[in-house]
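Asks: Pasting the feature list from TrEMBL:
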- 24-42: transmembrane segment (TRANSMEM)
- 104-123: transmembrane segment (TRANSMEM)
- 135-152: transmembrane segment (TRANSMEM)
- 164-181: transmembrane segment (TRANSMEM)
- 193-214: transmembrane segment (TRANSMEM)
- 234-255: transmembrane segment (TRANSMEM)
């Protein structure tokens, strides 16, 4: 009698064998199906933003636990944390001068924990920092984001400098995880706590993207008008979508690894 095949393994094997265009199509279809499902089961779509913040906080908690209990920062990207601190600091400034609300306090708490993580990696746990693997040049993302922000930014009544800063933090947030993905690409093996943290980032960014997309659909496009005119409204949505798809491949292998009972995630060549 032939052993029964695991359906998850069968599907994942089939997907892995598909050409890049088919994989991209499947990813888009899966994303659209997830959006439809969320639109049906979540009546107040603002709850998606709250859920995104909660999942992000959970991911940071896992990261803090790793640093405090295991006394190691192996597998973590200092550069990703620094990019995160930059966009959070800029967004916090913009939030103070443009729209002080509960999100300002959330950003303040997130910035404080991010700075603590940077301090731990740079000083307390420096001996375990994999500097040779964390070789992504951050000016490759900081400079383009600054240039795009100069060209495409909100058309609101706020001061031009504040509008440029706001656009800069939106663009930088979308690509801030790239150095962390480079570290995982270089090591190929991702230990559990780092994998949990990055997966939490992926889920949080998908929920945030879903929040924006569903808000646009619910308002029948009026939200885009409220954001301003020109290319800025489209760039906000593109940034949210980019954040999601950057981590989509990793999240797929993470779920596959967890369902397969593997504690350590091994990434095949070409992933992230």
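Positions of Cβ are set from backbone N, Cα and C atoms, glycine also.
Since the structure is predicted, the reported quantities are computational estimates derived from the model, not experimental observations.
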Asks: Considering only the recorded stretches 104-123, 164-181, 234-255, state which has the highest number of Cβ pairs under 8 Å to the transmembrane segment (193-214).
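Replies: When the Cβ pairs under 8 Å are tallied, 234-255 comes out ahead.
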Asks: Would the transmembrane segment (164-181) count as touching the transmembrane segment (135-152), i.e. at least 3 C-beta pairs under 8 angstroms with sequence separation of 6+?
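Replies: Counting Cβ pairs under 8 Å (6 or more apart in sequence), the transmembrane segment (135-152) reaches the transmembrane segment (164-181), since there are 3 or more.
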Asks: Hey, which bits of the same chain come close to the transmembrane segment (104-123), Cβ under 8 Å, at least six residues off its ends?
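Replies: Answer is 53, 56-57, 60, 63-64, 67, 73, 76, 78, 81-82, 84-85, 88-89, 91-92, 95-96, 129.
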